[in-house]
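Participant: So TrEMBL lists the following for this protein:
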type	residues	note
REPEAT	22-60	repeat 'HEAT'
REPEAT	99-137	repeat 'HEAT'
REPEAT	170-208	repeat 'HEAT'
REPEAT	209-247	repeat 'HEAT'
REPEAT	248-286	repeat 'HEAT'
REPEAT	287-324	repeat 'HEAT'
REPEAT	330-368	repeat 'HEAT'
REPEAT	369-407	repeat 'HEAT'
REPEAT	408-446	repeat 'HEAT'
REPEAT	486-524	repeat 'HEAT'
REPEAT	525-563	repeat 'HEAT'
Amino acid sequence: MRGKNGPPLSMAGAEGDDSLYPIAVLIDELRNEDVQLRLNSIKKLSTIALALGVERTRTELLPFLTDTIYDEDEVLLALAEQLGSFTVLVGGPEYVHCLLPPLESLATVEETVVRDKAVESLRKISQEHSPVDLEVHFEPLVKRLACGDWFTSRTSACGLFSVCYPLERWVTHFRTLCSDDTPMVRRAAASKLGEFAKVLELDYVKSDIIPLFTALASDEQDSVRLLAVEACVSIATLLPQEDLEALVMPTLRQAAEDKSWRVRYMVADKFSELQKAVGPEITKNDLVPAFQNLLKDCEAEVRAAAANKVKEFCENLPEDSRETIIMTHVLPCVKELVSDTNQHVKSALASVIMGLSTILGKDNTVEHLLPLFLAQLKDECPEVRLNIISNLDCVNEVIGIRQLSQSLLPAIVELAEDAKWRVRLAIIEYMPLLAGQLGVEFFDEKLNSLCMAWLVDHVYAIREAATCNLMKLVEKFGAEWAQNTIVPKVLSMSNDPNYLHRMTTLFCINALSEVCGQEITTKHMLPVVLKMASDQVANVRFNVAKCLQKIGPVLDSSALQAEVKPVLEILATDQDMDVKYFAQEAISGMSPFWALLSHCPPECSLSFTLFPSGLHSSHLGLNIFLRLQRNDAGDKGRLVAFYLLLVLIRSVLMSV
């Protein structure tokens, strides 16, 4: 057999030697036309290497892999990842250099993710080389990559300099790559500049890295300049405070005003990290004006990135001048962004602006921030409104629930009653989140009536969303709260003259039955549903049939037999075809369980549902199963036990 464009691999004696079988399988699968088979074989390399042993792995498997690096990218990616953890399989650190040839080949392929993974694996195994092996095997590899004719090898070399020793002699190679003719190589060098600087002595950082940083930050390609901004953070943390102004700040100021919006975006995105790196004095003198400019940038992407950093920037300001800087320099820009024309900018600001209240205190929040919150709460973009509502607890902690209710909640109520149904729908979707922020007592006092009013809205989408909203509220506040607050109001709608409202009662029962539990559903909801089975409107009656089928898993067996079954049988003979159809569907769905219940002897009465989803406790079901298994339960009891066991098994499987 021959690998792809590679030399033959000796398979002599394969038929008689079982130890050769794994490598034969590997070769066959690697040559298979199916990419997935080749990928699977690569993922089994460690198993195959273990079967072959360390010597044959070094002498046969690795050369074969090196010669077969002409495959699909996903196969090569898996191979690069596998080789990074192959040290033990080739005999330990003494032989780890055997892994370098295939990884070197992978580090030169065209696909970026494969090269990156190969470099990652090379960095990993470099830690397992002895100093002698590093010099003899690893460093020549890095030199070959750095001097390669094709740009792919030179980009990979950029990520390996920081693991070579002594580092100082690699500065020249790195400098060469920073001025390479190919932009992709300069990009790779810029992305690794900060990492390389961290492992050098400070003198080399000042004398060699800073000039490289300055050159890359002035590169003609904006994709190189923006990566130099990332390096700026690392370099600034290495330099003493007195050197920052002269060595870093001119380049950083230049980047903050760069003609390319991508570079300015990167500055905005890294602004908090830059702020921490340069310290409070430079922040006050240089970064505050730069941040103002970014907040006012002509490109929406830059404004959004800067807006997202407003809270962090303000938190990191010096305490002695924080409030003054915010009120004088930051807040005017924030007020402009609240009415920005781009929704992404407004959304980014809304996600952090509430956090300013804890920084500025109660008085400033009430006077300056609340009007901004109010404006954003009325914004046409739903994401902006959601970001404000989801962070109300920040403001609540500062100004208190009373002040909050007087200022923001009227706006929420106004939106909840908006003439446009889509606006009302948006507020309904936020209501469970808002309820969690404000607590049950405040919710009952201020917002409960709104939630109930939505149930009788003239738009079906609103009534449907309101039903789902009730279920989520019960999940937050509990079944007891539902029984006292929600359930009576819902059930009273069953007597409403409007049949649409009566149907909403059934929809609410469908949604609430599971979260309220068996007792509330059986005692309070079921009688109302059964009563509505005689409604004059056919749409209500067939929804009764659907409702009974829906809540069946929650009801106990006695209610199913004595109350639900007779009503469904009556509905199954209804004159309306739709009512008859849905009633028969419900009967068909429940008939196996009624048949099972009919075989249960009187002494083995079951006060639980035999639907899998109705088993409220596996322990309860198991106890009943064991009781039915006793000899005195009789044959019928043991038959029921057998069926119950099947139900229990199914219940467990469905819950896994």
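The count begins at 1 with the first shown residue.
A Cβ is built for glycine as well, from the same backbone N, Cα and C atoms used for every other residue.
Burial and contacts for the listed features, if you can.
Facilitator: Listed by sequence, the residues of this chain that lie at least six past the ends of the repeat 'HEAT' (99-137) yet keep a Cβ under 8 A from its Cβ atoms are 62-63, 65-66, 69, 73, 76-77, 79-81, 83-87, 90, 93, 144-145, 148, 150, 152-153, 155-156, 159-160, 163-165.
Break the repeat 'HEAT' (170-208) down by DSSP state and the numbers are 32 helix, 0 strand, 7 coil.
For the repeat 'HEAT' (209-247), the list of distant contacts is 174-175, 178-179, 183, 186-187, 189-191, 193-198, 200, 202, 254-255, 258, 260, 262-263, 265-267, 270, 273-274, 277-279, 281-282: same-chain residues at least six beyond its ends, Cβ to Cβ under 8 Å.
Remote same-chain partners of the repeat 'HEAT' (248-286), defined as residues 6 or more beyond its termini with a Cβ less than 8 Å from a stretch Cβ, comprise 210, 213-214, 217-218, 222-223, 225-230, 232-233, 235-237, 239, 241, 293-294, 297-299, 301-302, 305-306, 309, 312-313, 316-318, 321, 325.
For the repeat 'HEAT' (287-324), same-chain residues at least 6 beyond its ends with a Cβ under 8 Å from one of its own Cβ atoms are 252-253, 256-257, 261, 264-265, 267-269, 271-272, 274-276, 278, 280, 330, 333-334, 336-337, 340-342, 344-345, 347-349, 351-353, 355-356, 359-360, 364.
Using a Cβ-Cβ cut-off under 8 Å and counting only residues 6 or more beyond its ends in the same chain, the repeat 'HEAT' (330-368) has close neighbours at 288, 291-292, 295-296, 300-301, 303-305, 307-315, 322-323, 375-376, 379, 381, 383-385, 387-388, 391-392, 394-395, 397-399, 403, 407.
Per-class residue totals from DSSP over the repeat 'HEAT' (369-407), listed helix then strand then coil: 33 helix, 0 strand, 6 coil.
The residues of the repeat 'HEAT' (408-446), classed with DSSP into helix (H, G, I), strand (E, B) and coil, number 33 helix, 0 strand, 6 coil.
For the repeat 'HEAT' (486-524), same-chain residues at least 6 beyond its ends with a Cβ under 8 Å from one of its own Cβ atoms are 452, 455-456, 463-464, 467-468, 470-471, 473-475, 479, 531-532, 535, 537, 539-540, 543-544, 546-547, 550-551, 553-556, 559, 609, 616.
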Participant: What same-chain residues lie close to the repeat 'HEAT' (170-208): Cβ under 8 Å, and 6 or more beyond its ends?
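Facilitator: Non-local partners: 142-143, 146, 151, 154-159, 161-162, 164, 215-216, 219, 221, 223-224, 227-228, 230-235, 238-239, 243, 247.
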Participant: Taking residues 6+ outside the repeat 'HEAT' (408-446), which of them lie with a CB under 8 Å of any CB in it?
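Facilitator: Long-range Cβ neighbours of the repeat 'HEAT' (408-446): 370, 373-374, 377-378, 382, 385-386, 389-390, 392-393, 395-396, 401, 454, 457, 459, 461-462, 465-466, 469, 472-473, 475-477, 481, 485.
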